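Undergrad: Take a look at what Swiss-Prot says about it:
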BINDING   Ala14, Tyr15, Ser16, Gly17, Gly18, Leu19, Asp20, Thr21, Ser22, Ala41, Gly122  ATP binding site
BINDING   Tyr92, Ser97, Asn128, Arg132, Ser183, Ser192, Glu268, Tyr280  L-citrulline binding site
BINDING   Thr124, Asn128, Asp129  L-aspartate binding site
Amino acid sequence: MSGATKDVKKVVLAYSGGLDTSVILKWLQETYGCEVVTFTADLGQGEELEPARKKAEMLGVKEIYIEDLREEFVRDFVFPMFRANAVYEGVYLLGTSIARPLIAKRQIEIARQTGADAVCHGSTGKGNDQVRFELGYAALNPEIKIIAPWREWDLTSRTKLIEFAEKHQIPIAKDKRGEAPFSVDANLLHISAEGKVLEDPADEAPEYVYSRSVRPEDAPDTPTYVEVGFEKGDAVSIDGVKMSPATLLTKLNELGGANGIGRLDLVENRFVGMKSRGVYETPGGTVLLVAHRAMESITLDRGAAHLKDELMPRYAELIYNGFWWSPEREMLQALIDKSQEMVTGSVRLKLYKGMATVVGRSSPYSLYSMAHVTFEEDAGAYDQKDAAGFIRLNALRLRLLAARNNRTKK
């Protein structure tokens, strides 16, 4: 342990009440001899959080923070990301990545309120979350001390963690099969599972891994129709009923999950260099992404839409890698938000056996002109003869290139 960390007096621990952070809590007390403040964020993970309070109290914690951050999470983090249609490596909707900036922000704020001189997270030394948390800490308080137990202790596996917990009589949660659980991350946007039988990417994930969606094959035989209303790029209503951001995403999760939507078995490239396999469920987010892209399809100019599509992978990578608080992410966000000024209207979708299909879209700011696109008489809205000059000018460079090539062949 370095001298810079020996003098820690009080630390704010991002605490879920699960195996890892409960072991970390006890380890901090034993190793650092410091006061521990626990912070548990309700991001819509769908589990009772009072057990986390009771476990922290059992371990002697005096200052316990449990906060409902669901509305802030969706309003200030999920929705801005969805304005960008952000998807990492073509498929991942960034459910874990987008939660870390908010948790880091509140840890730093609580540290300031309580006079803590350090923060601590439970991320492993192999994963992305250690980077995401610590980049957030650095951006929000570069002077704060950071404790990353997985990079310090000799508990190098989940088996050793369980042994430590049993030795110190720390209760261990079991899954519905009576086993120690997968490594799970959950919030209102998604739930993910890693580890155990999922570590071999050649093996199909067993059905018991899934918890937020039915098997597409078992979904209702009758499709569900839903209309999502948008204002300036953000979803604001379902079937005409205005809802808060968190309430709306909760409802989309229910509708999507009931129809088997949002399942993903993914091998991704971690920022730290290795590949990892995880199983994700993002039912509401999947529906929301399809709806938002459909809303943009009639309200965004072609040039703006194509530029957004070009920038999206970079934006998604910034979030995945933990650079939410970076100036480049904020610059891109300003551009994206500007593009959303007219993204207002409604999208109708059919949810059926794992698919969310757009069946209608409308907007008071639509750029779709039936008068121009019709196959019937357009009453002079578009002169098809104009296309000849348009094509001739666009073909000029190709004709010049062909002429040069023909000359050089002789």
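Cβ coordinates are placed from backbone N, Cα and C, and glycine is handled just like the others.
Context for these features, please: burial, neighbours, distances.
TA: Reduced to three states, the DSSP call for Asp20 (ATP binding site) is helix.
Long-range C-beta contacts of Ser183 (L-citrulline binding site), restricted to its own chain and to partners at least six residues apart, with a cutoff below 8 Å, comprise Arg158, Ala193, Glu194, Gly195.
If you draw a 10 Å sphere around the CB of Thr124 (L-aspartate binding site), it holds 18 other CB atoms from the protein chains shown.
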Undergrad: Considering only the binding-site residues Ser97, Asp129, Arg132, Ser192, Glu268, which residue has the minimal Cα-Cα separation from Asp20 (ATP binding site)?
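TA: For Asp20 (ATP binding site), the spatially nearest of the binding-site residues is Asp129.
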Undergrad: When neighbour density is defined as the number of other C-beta atoms within 10 angstroms of a residue's C-beta, which of the binding-site residues Asp129, Glu268 has the lowest density?
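TA: Relative to the other binding-site residues in Asp129, Glu268, Glu268 has the fewest Cβ atoms within 10 Å.
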Undergrad: Any idea what DSSP makes of Glu268 (L-citrulline binding site), helix, strand or coil?
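TA: Assignment for Glu268 (L-citrulline binding site) reads strand.
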Undergrad: Please determine which of the binding-site residues listed here (Tyr92, Tyr280) has the lowest count of neighbouring CB atoms within 10 Å.
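TA: Looking at the binding-site residues Tyr92, Tyr280, the Cβ with the fewest others within 10 Å is that of Tyr92.
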Undergrad: Assuming the binding residues for L-citrulline are exactly those in the record, Tyr92, Ser97, Asn128, Arg132, Ser183, Ser192, Glu268, Tyr280, what is the maximum CA-CA distance in angstrom, rounded?
TA: 19
Undergrad: Does DSSP give Tyr92 (L-citrulline binding site) helix, strand or coil?
TA: strand
